[in-house]
Amino acid sequence: MIVLKLGGSAITDKERPETLDGDALGRAADAISAALDGGDAEDLVIVHGGGSFGHHNASEHGVTTAAGTRDAEAVADIHGAMKTLNQFVLQRLLERDVNAVPVHPFSTARRDADGALALPTGQIETMLAEGFVPVLHGDLVAHAGAGATVVSGDELVAALARDLEADRVGLCSTVPGVLDDEDAVIDCITSFEDVEAVLGASDATDVTGGMAGKVRTLLDLEAPASIFGLEDVEPFLAGEEPGTKIEFEAS
Ligand SMILES: Nc1ncnc2c1ncn2[C@@H]1O[C@H](COP(=O)(O)OP(=O)(O)OP(=O)(O)O)[C@@H](O)[C@H]1O
Ligand SMILES: C=C(C)CCOP(=O)(O)O
């Protein structure tokens with residue numbers, strides 16, 4: 001069972017609000033379709049991030065993973081932007097005969113007062129058993145005591161990987177992996193402290209922590225995880241370990 005995140009920065013033009021990178025999304029969809037046709041990735045769950053959809057909207061409304069909103073119009077704006085991008089992703093997958101179906105986290109997940117995420121996965125297991133490819137996305141979630149806050153695709157990936165006991169986790173982004181201070185791809189990360197100095201936020205508007213947030217989330221995960229660029233989606237799905245491998249940091 002594989003959980004693959006298509007990073008928002010990889011499939012959109014993150015500098016321009018609500019602008020799709022149609023070529024990049026098409027290439028990712030080609031790789032997914034080829035892997036499914038070839039028998040790789042039998043059970044696949046896809047999650048996509050926001051990129052230029054969602055982050056700008058959340059930022060305008062002052063909403064982050066911790067700062068919430070109780071304004072239904074702000075919810076409609078941020079969640080609506082993510083649903084628009086989800087439609088594009090589904091469309092590109094369906095055009096390539098991938099049996100993709102949408103799952104909107106706002107309708108199913110929640111956070112408690114401490115910010116802990118609860119994401120039901122029973123419906124996702126049934127979708128997989130019935131031959132569907134569930135496609136989730138970074139979103140808003142109802143948050144006890146805070147209204148609605150952002151949940152990143154990375155956080156969803158971690159929750160899905162734990163609950164569904166994923167064999168492998170892959171995060172495709174706009175970079176070929178986590179880069180060191182000379183812009184070389186780091187092969188393997190086993191501790192946050194080892195790489196903290198080179199980890200930054202995203203270059204573009206981003207309310208969920210950029211690369212630092214990604215590495216921190218993946219280090220908590222027992223399943224093997226990799227961060228790689230768009231060109232490595234196909235090798236990853238075929239069982240290779242491109243880009244940067246993030247190994248479980250036992251605490
Ligand atoms: N050491 C680093 N190595 C690689 N990228 C880094 C590093 N430090 C900061 N970054 C930034 O992190 C970005 C990737 O994080 P970002 O959150 O934008 O990715 P994403 O998951 O693809 O997008 P989204 O969050 O919209 O889904 C890179 O584009 C780069 O600007
Ligand atoms: C900004 C919103 C609503 C979701 C962001 O998800 P991410 O791009 O995976 O961090």
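Each residue, glycine too, has its Cβ placed from N, Cα and C.
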> For the substrate site that TrEMBL gives with GLY50, HIS55, which of GLY147, GLY153, GLY170 also belongs there?
Replying inline: GLY153
>> Looking at ATP binding as recorded in TrEMBL, which candidate out of GLY51, GLY54, GLY62, GLY177 goes with LYS5, LEU6, GLY7, GLY8, SER9, GLY210, LYS214?
In response: GLY51
> Beyond GLY50, HIS55, GLY153, what residues of that chain have CB atoms within 8 A of the centre of the substrate site's CB atoms?
Replying inline: GLY8, GLY49, GLY51, PHE53, GLY54, MET82, HIS137, GLY138, VAL150, SER152, ASP206, VAL207, THR208
> If one looks at the chain holding LYS214 (ATP binding site), which residues at least 6 apart in sequence have a CB under 8 angstroms from its CB?
Replying inline: ASP154, LEU171, SER173, ILE227
> Looking at the binding-site residues LYS5, LEU6, GLY50, GLY210, which have a C-beta within less than 6 Å of some atom in ligand 1?
Replying inline: GLY50, GLY210
>> Measuring Cα to Cα across LYS5, LEU6, GLY7, GLY8, SER9, GLY51, GLY210, LYS214, which the record gives as the ATP binders, how far apart are the two most distant ones in Å?
In response: 14
>> Mean pLDDT for the domain 'Aspartate/glutamate/uridylate kinase' (1-220), rounded to an integer?
In response: 95
